[in-house]
There are 2 protein chains.
Amino acid sequence: MLIPALVDISDHNQDWKVFVGSGALIGVLCALVSAATRGDRPRFTQRLGFLIVTSVWIVGAIIGAVPLYVSSVSVTYAGAFFESMSGLTTTGSTVLSGLDAMPRGVLMWRSLLQWLGGIGIIGMALLVLPALRTGGMALFHMESSDKSDKVLPRVGQLSGGLVAAYVVLTLLCSIAYTGLGMSFFDAINHAMTTLSTGGYSTHDASMGYFEDDRILIVATIFMVLGALPFVLYIRAFLPRRFQLWSDPQIGVFFAICVTLTLAIAITRRVYNASSIEEAFVSSAFNLVSIITTTGYASDDYTLWSNAALGIFIFATFLGGCAGSTSGGIKANRLYILYKLVGANFRRLVRPHAVIQFKYGQNPIPPEGVQTVTIFFFLFFGTLLLGTVALSLFGLDFETAFSGTLTALANVGPGFGQTIGPAGNFSSLPDGALWILSATMLLGRLELVTVLILFYPPTWTD
Amino acid sequence: MLIPALVDISDHNQDWKVFVGSGALIGVLCALVSAATRGDRPRFTQRLGFLIVTSVWIVGAIIGAVPLYVSSVSVTYAGAFFESMSGLTTTGSTVLSGLDAMPRGVLMWRSLLQWLGGIGIIGMALLVLPALRTGGMALFHMESSDKSDKVLPRVGQLSGGLVAAYVVLTLLCSIAYTGLGMSFFDAINHAMTTLSTGGYSTHDASMGYFEDDRILIVATIFMVLGALPFVLYIRAFLPRRFQLWSDPQIGVFFAICVTLTLAIAITRRVYNASSIEEAFVSSAFNLVSIITTTGYASDDYTLWSNAALGIFIFATFLGGCAGSTSGGIKANRLYILYKLVGANFRRLVRPHAVIQFKYGQNPIPPEGVQTVTIFFFLFFGTLLLGTVALSLFGLDFETAFSGTLTALANVGPGFGQTIGPAGNFSSLPDGALWILSATMLLGRLELVTVLILFYPPTWTD
Ligand SMILES: [K+]
Ligand SMILES: [K+]
């Protein structure tokens, strides 16, 4: 809260009071929560864990919304909550326009929400969700040790390493942006929303504002870095047995990026007669932006061609790697589903063969497979029901479907004129914004973590 | 072939020669195939089974396309094949317009393709697919006996009963239609395409042509009968232990129909100010038509409201019951997925509880669950890739997505102006028609049966 307050004070903007006031409020709340949870009852660990994880994000979004609501920016509370949730979940959908002329404290606040949300989800996926056995980087966890107790003493060390890697990468990115001519303020903000694969910008035209292919290339590189498992960056500092850690999802992720970039680049040559260089840079940037679930745009790519649009919609589902800041289905699940289909096919044609079912060098236990299939079912179920729910508010099919999808995968822009990369979410009714806020949270916490709270046996003995 | 030939002769239409010629061609082909397969090698049963099942449908569609292509109707070969595949798979999407003025032999041929396709899939789902262990009514099969050999002696009896039930229901339906004022020809054709949940009509306006709510109500009833497991109708004639057979999917199916009909009826009252009776009849008819994957329309329901449209798109996924003529995900799978999510949630909050995982009164083996999850993954994977493939032919998102979905679920009409209930598939490029033909086949044969042919280890020792 102090950073945007200082920015606003330096700009002589009265919004600084908002940030200082909100900061004080949070301090009081934190004190209350820590007091209330002191008498922790270990018997309820599992369900209390789900409740705490979900509550932390909701409370965070409520707090994050306060400065936006109270500031000089005109927005309803539903809009402010949507914007805050979109920030914390690193979705990056926005109800705001006129960003270029907005108080810099508000812009900084949006970027900070994404940056904090990014490191928050990395920590949660690595340290909390595996303990709750609902996915995240559970596979890494299983690889390292089957007894969760053993992991606990390393938590402090691991967290420190992850935060350090995140900070260093953000600094490198902002230095690169500054070197390519961005203002210091723009560079810091975009670096924070690049590494968090969040996608908020300080300009309505997003990365298109800078009209510089070199910036797009740098952004592409750092978006990819943000979508790789962060454990990769601290591998060298981990105990010896982790240093050989290799992860098949990384290959899947790169294969997807390269294949789809080439496919889009071909459609650019065919339908838009772009030069080879222009076709390749714009394809790679906008597509990697979608696959890593960042959501920057350099152009309204939805108008390129129906062929490119189809590929972009497909890409919106995929996501980066588990253990990164990105959302979507994620490459580790795609890999497991691919193996699952292969194993099932093999079982059909070789009824007596022994099926080797592995992730990298490690066998996948049946619960690991079930967790992935459950996620997949809940993902598409939520996508369908969210589409129906939004259509009940009068939204057309493309807006309802792509809005739910982009929220669920934490990508940011949808498709169609209303919420596409050239539009924003400001024209949506408040009810739709609440539904989308909930969908972003569902997507960010990998569905089960939230939905299990609505499963009655969770609360009965 | 003889029936449409006789119809054309009675109409003095020269197309009768086409049907007689095609009939002779089929006779020769059948003789060749039976000669070629005489030296059956039992070692290859499993993979040969997949190949034969898929080949039968492709050859059937090729043969079915010949009369349409050679007849006086103007259509490309891709269009004729699409129309024939759409018939045999009981999808009901059409490239033809001006049906009201079309030679009656062609109309009869289209209806016959659907009627034969309908009984074909019931037989295949009950008798062939369980032996190949790829779904279908595998659950009924597992309930009855775990040894497929035991089932074989009853095959003749069971098939006879199913065909008898199908014929009797079709006759009852055509009598009801005739009684409500349809011409004899219209009644027979629509009865065939109602019970097969196929949806081909003899009029461009589909069931809307008759402008009679009583016909819509009768059609709704018989579409539901076509979407129930056909074993239900011959239960009384089966050995004693099957007579108590009850199937939880039937309850799921009715619950879905009633809930969504009420939801649509409410949107009709709210957005279209319809009378209660009109709202209810039109909602029930058009929605049941989609859920049972029949695809009749009495009206362009896509124009009712965005809210109703959202529900219709959702309904397009669902499908009727396994062991019926309907397509889609089907109620048995929805039930199992629902149980699967529940079991997973229970495991998370009660790590030490014993999970009871049953379909009705019978435990579901792990392979049964895996088969369902694989189907689900392949269904959505095919939907996404099909959408991308169609968009590469320049189709807009709504047409590409809903076209793939309606083909995959064997429903018939898509959404949007081009392929919606008021449109048809004639404006699509030939490439898109081939893709959609393949998608219809994939959907009809429950994906694995076809896709396993493209899995290399199927063909290696
Ligand atoms: K994002
Ligand atoms: K149909």
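Each residue's number is its place along the chain shown, starting with 1.
Backbone N, Cα and C atoms are what each Cβ position is placed from, and that goes for glycine too.
Predicted automatically and left uncurated, TrEMBL annotations should be read as such.
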Report summary line: K(+) binding in TrEMBL involves B:Thr90, B:Thr91, B:Thr293, B:Thr294, B:Asn410, B:Val411; of B:Gly181, B:Gly198, the partner in that site is B:Gly198
Query - Count of other CB atoms lying within 10 Å of the CB belonging to B:Gly198 (K(+) binding site) - result: 33
Requested in this report: Counting Cβ neighbours within 10 Å across all chains shown, tell me which of the binding-site residues B:Thr294, B:Asn410 comes out on top.
Outcome: B:Thr294
Query raised in the report: In this structure, which of the binding-site residues B:Thr91, B:Thr293 has the fewest other Cβ atoms within 10 Å of its Cβ?
Result: B:Thr293
Report task. Would you list, in sequence order, the residues of this chain other than B:Thr90, B:Thr91, B:Gly198, B:Thr293, B:Thr294, B:Asn410, B:Val411 that have their CB within 8 A of the centroid of the site's CB atoms, where the site is the one recorded for K(+)? Result -> B:Thr89, B:Gly92, B:Ser196, B:Thr197, B:Gly199, B:Gly295, B:Thr325, B:Ser326, B:Gly327, B:Ala409, B:Gly412
Query raised in the report: Would you call the transmembrane segment (B:303-323) and the transmembrane segment (B:250-267) in contact, using three or more Cβ pairs under 8 Å, pairs 6 or more apart in sequence?
Result: yes
Query raised in the report: Does anything in the same chain, at least 6 positions from B:Thr90 (K(+) binding site), have a Cβ under 8 Å from its Cβ, and if so what?
Result: B:Gln114, B:Gly117, B:Gly118, B:Ile121, B:Ser196, B:Thr197, B:Gly198, B:Gly199, B:Thr293, B:Thr325, B:Gly327, B:Asn410, B:Arg444
Query raised in the report: By Cβ distance under 8 Å, which residues at least 6 away from the ends of the transmembrane segment (B:250-267) in the same chain are close to it?
Result: 224, 227-229, 232, 276, 279-280, 283-284, 286-288, 291, 304-305, 307-308, 311-312, 314-315, 318, 320-321, 331-332, 334-335
